[in-house]
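Visitor: Please read through the structure below; I'll follow up with questions.
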Amino acid sequence: MTERVQVGGLQVAKVLFDFVNNEAIPGTGVSADTFWTGAEAVINDLAPKNKALLAKRDELQAKIDGWHQARAGQAHDAAAYKAFLEEIGYLLPEAEDFQAGTQNVDDEIARMAGPQLVVPVMNARFALNASNARWGSLYDALYGTDVISEEGGAEKGKGYNKVRGDKVIAFARAFLDEAAPLESGSHVDATSYSVKNGALVVALKNGSETGLKNAGQFLAFQGDAAKPQAVLLKHNGLHFEIQIDPSSPVGQTDAAGVKDVLMEAALTTIMDCEDSVAAVDADDKVVIYRNWLGLMKGDLAEEVSKGGSTFTRTMNPDRVYTRADGSELTLHGRSLLFVRNVGHLMTNDAILDKDGNEVPEGIQDGLFTSLIAIHDLNGNTSRKNSRTGSVYIVKPKMHGPEEAAFTNELFGRVEDVLGLPRNTLKVGIMDEERRTTVNLKACIKAAKDRVVFINTGFLDRTGDEIHTSMEAGAVVRKGAMKSEKWIGAYENNNVDVGLATGLQGKAQIGKGMWAMPDLMAAMLEQKIGHPLAGANTAWVPSPTAATLHALHYHKVDVFARQAELAKRTPASVDDILTIPLAPNTNWTAEEIKNEVDNNAQGILGYVVRWIDQGVGCSKVPDINDVGLMEDRATLRISSQLLANWLRHGVISQEQVVESLKRMAVVVDRQNASDPSYRPMAPNFDDNVAFQAALELVVEGTRQPNGYTEPVLHRRRREFKAKNGL
């Protein structure tokens with residue numbers, strides 16, 4: 001039973017009340033009385049509005065279901081369908097033209113282009129690694145991944161392999177020649193780097209000296225000008241550093257003593273309270289808020305054991321250099337942090353309102369993450385985040401402009417409680433629900449003075465695509481979804497609308513996640529598509545991936561690319577509304593079995609860690625043992641696809657159960673090396689995780705918008721109660 005404290009009309013879990021009063025509030029200049037009184041007013045006023053918005057979602061979905069049911073067996077009439085969506089208020093008239101008015105935005109968001117990490121803030125180690133991923137070793141990223149092949153004696157091995165190391169050095173020199181070309185010759189032939197008369201001087205093998213083709217790319221150095229330890233260069237708005245140490249193991253093998261190239265990598269990171277965490281009660285929420293507090297105060301630390309030794313990981317300091325004129329240059333040492341609050345759907349029993357109801361979790365997150373961010377705003381931190389006095393909050397899973405307007409209202413109310421200037425709280429709008437996509441311009445307009453980010457989330461968006469049209473018929477296989485007409489239009493529409501509403505220079509236009517953290521050669525080949533599509537940020541699964549993805553922003557001048565794209569014909573809403581129905585469902589029995597098994601295995605691999613271990617984001621081996629980053633968004637697709645096929649008779653419930661049981665054995669085998677893992681087989685009936693996975697599919701048509709949170713939260717609480725956690 002949760003111990004509670006009565007605060008006005010609110011019943012607050014004691015663990016949360018104590019954290020807020022004893023840890024979060026001191027140093028903010030906000031009194032506890034002011035905060036709790038204001039919080040209660042916000043909850044009393046806005047919780048009913050939140051509830052009404054959710055009812056509107058259900059009402060629209062019921063109407064869409066009914067429309068399709070009434071036309072079962074008929075060919076889809078796209079024109080009639082569009083007219084129907086307009087009639088029920090799903091598809092709204094296009095908003096009048098406007099320009100975003102966001103002010104006081106940090107350069108990492110407004111004027112730079114580069115990778116973005118998303119990490120569960122519940123995990124302090126992941127949070128610290130991401131914060132520190134602003135700068136990453138190119139040599140390590142190349143040496144430790146499949147970007148450099150192991151052919152020709154270049155195996156990774158246990159010790160340093162010079163054959164592999166030489167390949168890394170050659171790759172890095174080629175990058176230097178591309179990003180910072182010399183006036184004559186090549187970085188490959190460099191024998192020394194020095195600073196003379198305010199310029200970078202590069203000595204070459206043939207005895208000559210040269211400089212940069214564009215001398216302005218050299219910004220500063222560390223150490224002695226004649227023999228610098230580091231040389232700082234800039235290209236396409238991104239910094240990188242040639243690190244020099246002839247006495248180091250790698251530097252000894254390099255003609256110029258270069259030991260590494262340090263890349264400016266994860267410009268921004270989303271500290272996630274949402275899809276990548278498993279937080280179901282007050283205890284869990286306090287873990288999240290406490291880690292966010294550590295990030296905002298700059299004192300988050302974690303004991304890390306590696307290679308037999310233990311050390312304390314902390315947030316990196318800023319990087320300090322000497323300019324050619326002798327003055328000091330300081331660059332931000334850490335990724336600029338967003339915090340992703342939860343959406344409007346879930347409630348959490350951390351607070352009960354005056355009627356004893358759980359309070360919407362999104363309202364709680366808005367209040368607490370903003371309160372905590374005051375430590376950064378007022379300088380009560382050793383590691384500054386925003387230098388422009390802003391707090392960056394990503395708001396996910398909003399359906400249409402009314403919900404965006406509600407977020408704008410919530411943020412205004414929170415600012416008033418905390419005594420913050422209007423529009424201090426900025427918003428990142430996830431374009432990951434169909435009703436937001438087709439009304440994106442109006443959604444941005446509803447928060448036009450706060451918006452700092454729009455981002456396509458292909459995974460959740462596909463889940464909503466399937467659920468919205470659940471009654472229309474059987475959808476295509478998961479692997480075919482990316483080549484459906486709607487998705488290309490969706491991705492282009494996000495860029496088109498973002499540019500048309502003046503986000504360039506004020507906000508990020510982002511793209512989604514590379515979900516295969518071990519396949520970095522493939523990422524390096526393919527993910528350049530995101531900056532080419534006009535995105536000035538895109539998601540990566542690890543600091544190493546951020547370092548490698550940064551290379552793409554040196555190849556593509558995103559802001560110039562956006563200027564080109566602004567001239568194209570905007571994406572068509574008719575294309576976006578094209579339902580991804582299978583032209584026929586005459587797949588072979590083997591194809592159906594493979595699709596069901598693949599989805600069942602992914603569902604179980606993720607759900608078992610969520611329910612049993614409280615892990616909301618992990619690298620889950622797929623059916624072919626390829627590690628895939630899974631979070632609730634991937635779960636939403638897999639469960640909704642199987643629910644759709646079940647609904648339309650492509651598969652039977654018996655097939656689903658049989659596949660889940662077979663795949664549970666596979667997942668148990670894949671997790672056999674984890675001492676804390678609890679096998680699902682053979683006791684399926686009593687295994688909470690297995691039953692949760694089954695429920696997500698069998699009850700998938702009845703889940704609100706296809707979301708997985710209601711089942712996951714209830715089942716995780718069941719598991720915790722059953723095991724005394």
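Backbone N, Cα and C define each Cβ position, glycine as well.
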Visitor: Which candidate from Ser184, Ser276, Ser370 does Swiss-Prot annotate alongside Val118, Arg125, Phe126, Arg313, Pro541 at the acetyl-CoA binding site?
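Guide: Between Ser184, Ser276, Ser370, Swiss-Prot records just one in the acetyl-CoA site with Val118, Arg125, Phe126, Arg313, Pro541, namely Ser276.
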Visitor: Starting from the Cα of Asp631 (active site, proton donor), work out which of the binding-site residues (Val118, Arg125, Ser276) are within 10 Å.
Guide: Ser276
Visitor: When neighbour density is defined as the number of other C-beta atoms within 10 angstroms of a residue's C-beta, which of the recorded positions Glu432, Asp460, Asp631 has the lowest density?
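Guide: Candidates: the recorded positions Glu432, Asp460, Asp631. Fewest Cβ atoms within 10 Å: Asp631.
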Visitor: Which one is it: of the recorded positions Glu432, Phe458, Leu459, Asp460, Cys617, whose Cα lies the shortest distance from the Cα of Arg313 (acetyl-CoA binding site)?
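Guide: Checking each of Glu432, Phe458, Leu459, Asp460, Cys617 against Arg313 (acetyl-CoA binding site), the shortest Cα distance is to Cys617.
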Visitor: Just checking a number: largest C-alpha distance across Arg340, Glu432, Gly457, Phe458, Leu459, Asp460 for the glyoxylate site, rounded to a whole Å.
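Guide: Those residues reach a largest Cα separation of 17 Å.
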Visitor: Check the Cα-Cα distances from Arg125 (acetyl-CoA binding site) to the recorded positions Arg340, Gly457, Leu459 and tell me which is shortest.
Guide: Arg340
Visitor: Round to the nearest Å and give the CA-to-CA distance linking Val118 (acetyl-CoA binding site) with Arg340 (active site, proton acceptor).
Guide: 9
Visitor: For Val118 (acetyl-CoA binding site), which DSSP three-state class applies?
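Guide: Val118 (acetyl-CoA binding site) sits in a strand per DSSP.
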